[in-house]
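The active site feature in TrEMBL is assigned to Lys11, Asp136. What TrEMBL records for Pro94, Met95, Gly96, Gly97, Gly98, Ile99, Gly100, Gly101, Gly102, Ser103, Ser104 is ATP binding site. TrEMBL lists 66-143 with the feature domain 'GHMP kinase N-terminal'. If you look up TrEMBL, you'll see 203-260 marked as domain 'GHMP kinase C-terminal'.
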Amino acid sequence: MTHLRLPAPAKLNLMLHILGRRPDGYHELQTLFQFLDYSDELIFSPRSDGQIQLLTDLPGVPSDSNLIVRAARLLQQATGCTQGADIQLVKRLPMGGGIGGGSSDAATTLLGLNHLWGLNRSLAELAELGLKLGADVPVFVQGQAAFAEGIGERLTPVELPEPWFLVAIPPVSVSTAEIFSAPELTRNTPASTVRTVLKCGGRNDCQPVVEKRYPEISNALILLNKFTSAKLTGTGCCIFGAFSEEAEAKAVSAQLPEDLPSFVAQGCNESPLHTALKAQIEISSYLG
Ligand SMILES: C[C@](O)(CO)[C@H](O)COP(=O)(O)OP(=O)(O)OC[C@H]1O[C@@H](n2ccc(N)nc2=O)[C@H](O)[C@@H]1O
Ligand SMILES: Nc1ncnc2c1ncn2[C@@H]1O[C@H](COP(=O)(O)OP(=O)(O)OP(=O)(O)O)[C@@H](O)[C@H]1O
């Protein structure tokens with residue numbers, strides 16, 4: 001195989017409840033994850049010298065800290081694999097956006113290199129490895145819309161409607177660690193069941209904290225709420241609203257001011273990464 005090109009899709013947290021804080025500082029939460037058909041892209045080419053080279057510079061992120069390089073090295077260590085790779089990144093997902101860009105890049109790297117290097121590791125093994133890189137990585141590895149518990153790693157797959165989402169990107173970057181360490185964050189929401197959440201929805205406990213600290217986000221929510229019910233994803237900065245028709249979402253997107261960029265993408269219960277990998281595997285077996 002000469003190279004492998006795969007998407008690293010965004011996610012939305014359709015609700016996010018914080019139940020408590022563990023002794024290690026991580027938070028027990030309940031969240032509903034759905035993927036978006038809107039992705040970074042990664043292109044992997046094999047190297048025989050064992051080196052991992054990220055060919056694309058990501059401003060502000062040294063290569064050794066990039067989750068792509070960290071995921072590739074973790075996979076080498078865990079499997080004893082001596083192969084390497086050159087990796088290119090086409091970055092589309094806003095960083096610090098709450099749509100999981102870094103975590104998704106990490107998951108695509110784990111699945112992509114598992115395939116390229118012929119390691120045959122299961123999704124469960126790769127998800128366990130991914131959790132070492134971040135709480136959001138396992139859902140991207142498993143690739144199914146899910147109700148997540150624990151710190152985000154205990155996943156129950158769910159079937160959700162797949163509306164069109166308008167995602168607006170207020171011009172601020174929010175640090176996840178900052179919001180989770182805010183003293184004023186609600187940390188005692190009672191546990192719910194997946195059934196209740198699917199029936200009644202839920203809120204994002206991070207939203208009041210983020211709105212207070214980032215007026216740009218609170219103003220964007222006021223604006224989008226004029227068209228549809230809008231909510232924060234993760235710890236922000238992105239906000240979203242659902243529409244049954246793509247054209248309707250695009251018409252609203254076109255009416256937003258220039259300083260509030262946005263995109264429209266469909267919600268997906270199967271990750272576009274898994275759809276692309278299945279197609280890739282079919283092509284490989286066809287070509288022998
Ligand atoms: C906000 C969410 O995106 C919702 O899906 C996730 O909970 C965050 O996932 P993530 O960005 O992959 O998080 P990590 O990279 O593991 O952690 C970033 C920071 O968020 C905090 N963090 C994260 C997840 C969690 N359940 N509790 C936490 O307190 C930790 O302080 C950590 O320092
Ligand atoms: N490949 C990568 N893409 C984006 N960010 C990366 C990557 N590797 C490391 N990072 C670091 O991770 C930080 C968070 O980036 P990311 O885009 O994942 O935020 P996020 O969407 O808010 O994440 P989440 O929703 O998982 O909390 C960045 O500010 C950057 O320092």
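Count begins at 1; order follows the chain as displayed.
Each residue, glycine too, has its Cβ placed from N, Cα and C.
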Non-site residues, in chain order, whose CB comes within 8 A of the mean position of the CB atoms of Pro94, Met95, Gly96, Gly97, Gly98, Ile99, Gly100, Gly101, Gly102, Ser103, Ser104 at ATP: Ala10, Leu93, Gly234
Nearest of the recorded positions (Gly96, Gly100, Gly102, Asp136) to Lys11 (active site) - Cα to Cα: Gly100
In sequence order, those recorded positions of Lys11, Gly96, Gly98, Gly100, Gly102 whose CB lies under 6 Å from ligand 2: Gly96, Gly98, Gly100, Gly102
Cβ under 6 Å from ligand 1: qualifying recorded positions of Lys11, Pro94, Gly96, Gly102, Asp136: Asp136
Overall pLDDT for the domain 'GHMP kinase N-terminal' (66-143), taken as the rounded mean: 97
Ser104 (ATP binding site) in three-state DSSP notation: helix
CB contacts for Pro94 (ATP binding site) [other CB atoms within 10 A, all chains]: 19
Candidate with the highest Cβ count within 10 Å, taken from the binding-site residues Gly98, Gly102: Gly98
Between Asp136 (active site) and Ser104 (ATP binding site): CA-CA distance (Å): 8
Fewest Cβ neighbours within 10 Å, where candidates are the binding-site residues Gly96, Gly100: Gly96
